[in-house]
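Below is one structure, written out as structure tokens; comments come after it.
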Amino acid sequence: SDHMENICGYLMKYTNLVTGWQYRYFVLNNDAGLLEYFVNEQSRHLKPRGTLQLAGAVISPSDEDSHTFTVNAASGEQYKLRATDAKERQHWVSRLQICTQHHTEAIGKNNPPLKSRSFSLASQGSANSPGVQRRPSQNAVSFFNVGHHRLPTGKRVPIMQPDHLVDVREMMSQAEGQQRDLIRSIECLPASGHLTSLDQDLLMLKATSMATMNCLNDCFHILQLQHASQQKGSLPAGATISWLEPKISLANHFKNGAAQNFPAEINKPASVREEQSIAEPCELTREPEEINPDEELEDICDDKEDDLGAVEEQRSVILHLLSQLKLGMDLTRVVLPTFILEKRSLLEMYADFMSHPDLFIAITNGSSPEERMIRFVEYYLTSFHEGRKGAIAKKPYNPIIGETFHCSWRMPKSSVASDAGTNSSAHCPSEQVTLPKDPEGQVEPDCYTVKFVAEQVSHHPPVSGFYAECVERNMCVNAHVWTKSKFLGMSIGVTMVGEGVLHLLEHGEEYTFSLPCAYARSILTVPWVELGGKVNINCAKTGYSASINFHTKPFYGGKLHRVTGEVKQNMTNTVVCRVQGEWNSVLEFTYSNGETKYVDLTKLSVTRKRVRPLEKQGPFESRRLWQHVTESLRDGDIDKATEHKRALEERQRNEERLRAETETPWCTKYFLKDGDGWVYHKPLWKTVSAAQTQPTDSN
């Protein structure tokens, strides 16, 4: 405490918004455990420009030089700072570490482990022993009877020798045994009565105790790798330090009524029997089908996902599911409950990212490479808002292998921004675009058509390919996405692995881009979605690139859905445009000439996609394939929706098993494997190239 002094002074801070380092005035507030910074010393009486909570933070001197260090907050936010010399860096680092340690220990003292209820499980039948007893003095440590010792402050932790690891393993084995006994005791409780096996507090205890033991096991594994590296001088070949995958099958681990007994085949609805009886996809025609846009009608479906009723009613099911999962666990093969599903397939969700086709077409109208890159960034950032259906985080259907989705958009040419400036439709009010028609009701030729097709090309891993083109403007986009879902405790993270390429054939330009990660937060209360991670857009021919950061909300303070980015010319390293704002609200674009434009995403005009009626769709087109699940969800019949969903998934597993037994490879319909990616079988760049190379008739 003698060294707990408030210090202040100038440090250089690196930021992504402004290239390079900037001097900022920093203040270490020891009493509050905060590191604050201001533009300068004179503005210290104003609100800080930024604040970091130091409790649980990690202060790390950098290896790159003797002046730089980082402050990594428990919230995930990071400050990269630089002092004037090594001595000043050491002064700041030591004071920050002392403050961090003090407030981290204070949290542990002031917030002991949560008090838990003590259940006399062995005496449920005794009249003298109530089913539930409150013991305020009992916490999680005493419940499991596992002791711990605090290391003296300031002493260095000795390197663990093998016998110490053996002792730790023995203690963990005892704790695991007690945790298994606890789980068995809870699951043996009656299904009804004063205290049941589905009691929400008990389910929460199952979930947290399972997560705690899994974390301890993974930490023990890291200690073992660390010891091995110290013995050999480096990590074993191929070894990685990461969260471990589960050692047991979820299917064998689910108990406590999780397994559902479905009615016998004869009692199943006709629609379910129909779903199970659809022929093996490879026995159907796998020849690509040319979709006639004239058969497509404007989509009238408007399934907003704002209903919380089902989530509230199914809280115990969610808790039971969480008790079986493990931090970092891959959820690809986990069957999630039906009530958390959106009423659309993932393939259709990709199509909904194209709901502003006017901005998409306007990209190629840019008069210069710089303007075209900026237009693409504007279109890219406006695509995510319409891709979400409502504020509630729900999950689209996992497409089954061979599933396809087709749609198109028609845009009046007058509504697309020309090359006379930046995107003119950015300020249009939110409205549905009406197409001009001739007296016979046909769409006039002064409209652009954007066609879209998506296909699930792989089941394990789950990979989707999608392609969109506007023939009139000689532009198309091809992408493949592998969705990797992981359990993160009270949230679920989805990594979008893959790449997209936008082709502007008129200019001979290709723009490669990636997609951000998505997170479903607060899955036990009101689930919501946020995007996170850094994405890059590059055009090798012009030398322009864009770097976009989707910021997740810090634990303390901060804004939701924040996004920042910049467009630069790589040869000169000149920033030509900066963007900041929220990806689902208002974006601010600042250009190199000093102009600023605001885009209110909630007021952008939305063009409804055009989809063929169900009766004209093939059996593996998304809406027809999932129609019974969707209808049941609309009616609020979760059990019926689950039955239809299970029938589709069971058919897919049977087909996959049959292909494995007969060694029959899967045949895709619209996309072809190309290295690590997938490419549409008849992309526009090939058809245009073929047309240009055809010999002309001299007659």
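Every residue gets a Cβ built from N, Cα and C, even glycine.
Taken from TrEMBL as is:
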| type | residues | note |
| --- | --- | --- |
| COMPBIAS | 117-137 | compositional bias 'Polar residues' |
| DOMAIN | 4-101 | domain 'PH' |
| REGION | 104-137 | region 'Disordered' |
| REGION | 638-658 | region 'Disordered' |
Secondary structure tally of the region 'Disordered' (638-658) (DSSP, helix then strand then coil):
21 helix, 0 strand, 0 coil
Mind tallying the domain 'PH' (4-101) by DSSP state, helix then strand then coil?
19 helix, 40 strand, 39 coil
Restricting to the domain 'PH' (4-101), what is the model's mean pLDDT?
86
